[in-house]
Amino acid sequence: MAKKYAIVKELDEAVNLKDGTTVLQFETRLQGGLECGGAYLKYLSPQDAGWKPKEFDNESPYSIMFGPDKCGATNKVHFILKHKNPKSGEYIEHHLKYPPSVPSDKLTHVYTAILKPDNEVSILIDGEEKKKASFLSAEDFEPPLIPSKTIPDPDDKKPEDWDERAKIPDPDAVKPEDWDEDAPMEIEDEEAVKPEGWLDDEPDEIDDPEATKPEDWDDEEDGEWEAPKIENPKCEIAPGCGEWKRPMKRNPAYKGKWSPPLIDNPSYKGIWKPQEIPNPSYFELEKPDFDPIAAIGIEIWTMQDGILFDNILIAKNDKVAESYRETTWKPKFEVEKEKQKAEDEAADSARLAGFQRKVFDVLYKVADTPFLSKYKHQILDLIEHAETQPNLTIGVLVSIVVIILTIFFKLIFGGKKQ
């Protein structure tokens, strides 16, 4: 069942993102994996932007949203910047293009976003850079932070006589007099000859001569009994049965419906598009106009529980973030990884043991088969030996197969030398 979570923590002092380097970093662990839900943080704008901590929800204004999000076709580490257009005053969400994917395991991972003074942002997962982008590049953010200089004129309309057809039917073309539109695509092959031995009077199927009416068949309730059909054995050795018909072949006179050939359209003007006009929302930008970060919020919708957040850090030096990764995250991650490895190995052993138990159960049933009664004690000894040493299971299977094949060949060939 889907649930929504929202919690907010105000900072003692707002963090200015406009000066120098700023590092956003946090750890998260998806204890049950992440099939559908979010595990990101929202870095909230100051409250004078119009929100209250006790009323924190998805409408609360934020400066940056960063972290894992996965559901259906969505699988990415979000980085979204809310930026104010100085011309219109409107806040617009700018999404990082082609963000990295979310790790698929259930271990703790550390996510880092480094905002640099040269307008670059780097996204790291577990200290490894997965994405680098420029805030001012239209190739890296959608929509771009800097709007295009021109836009299509919304008031420009396509003229009624505008012709977008590159090719048109030739108006001077005339259907040839010998063009037969009614000629069929296929005709009988008049040169075909019925194969010798064709059984004209034999049907493809006949009543099964060995079938008998069931003793409990009631004609009144079940209807008149009819023997099931089988393939006519006479047809198997003959070239064919039943009425012979000439095969069909392609009609050389077939041309189909006539249509005039296409020629270049003398009135063609190309694909119409409105003329470009200056964009009233265009502005130039040397650096992003980040809103300060006044609080950190977790506002997520998820189908799963067990999402853990830890060591949320905002720093002005990426060395500080690196130090936290080395001293707090990495030791934890290594312990979790070893524990997960041990659990996986135990699960594999349990699956193997379960498989071997099923194999032994089958082998005991095989040993009880009358067909193998003469070798029962030999087979049971093999099985009991394998149960004490499970790594011998495959060898035991091979031994029993050899015994069965030996008996099989003795029964077929009677022990005679071939």
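Every residue gets a Cβ built from N, Cα and C, even glycine.
Unlike curated entries, TrEMBL annotations are predicted automatically.
The annotation disulfide bond is assigned in TrEMBL to CYS36-CYS71. With a 10 A radius on its CB, CYS71 (disulfide bond) counts 14 other CB atoms from all the protein chains.
The region 'Disordered' annotation in TrEMBL covers 135-226.
If you look up TrEMBL, you'll see 152-177 marked as compositional bias 'Basic and acidic residues'. For the compositional bias 'Basic and acidic residues' (152-177), the residues of the chain that approach it from at least six positions outside its boundaries are 258-265, 267-277, judged by C-beta separation under 8 angstroms.
Taken from TrEMBL, the feature compositional bias 'Acidic residues' covers 178-191 (among others). Mapped onto DSSP helix, strand and coil, the compositional bias 'Acidic residues' (178-191) counts 0 helix, 3 strand, 11 coil.
The compositional bias 'Acidic residues' annotation in TrEMBL covers 198-209 (among others).
If you look up TrEMBL, you'll see 216-225 (among others) marked as compositional bias 'Acidic residues'. Below 8 angstroms of C-beta separation, not one residue of the same chain at least six residues beyond the ends of the compositional bias 'Acidic residues' (216-225) sits close to that stretch.
According to TrEMBL, the feature transmembrane segment maps to 392-413.
Residue counts for the compositional bias 'Basic and acidic residues' (152-177) by DSSP state, with H, G and I taken as helix and E and B as strand, are 0 helix, 4 strand, 22 coil.
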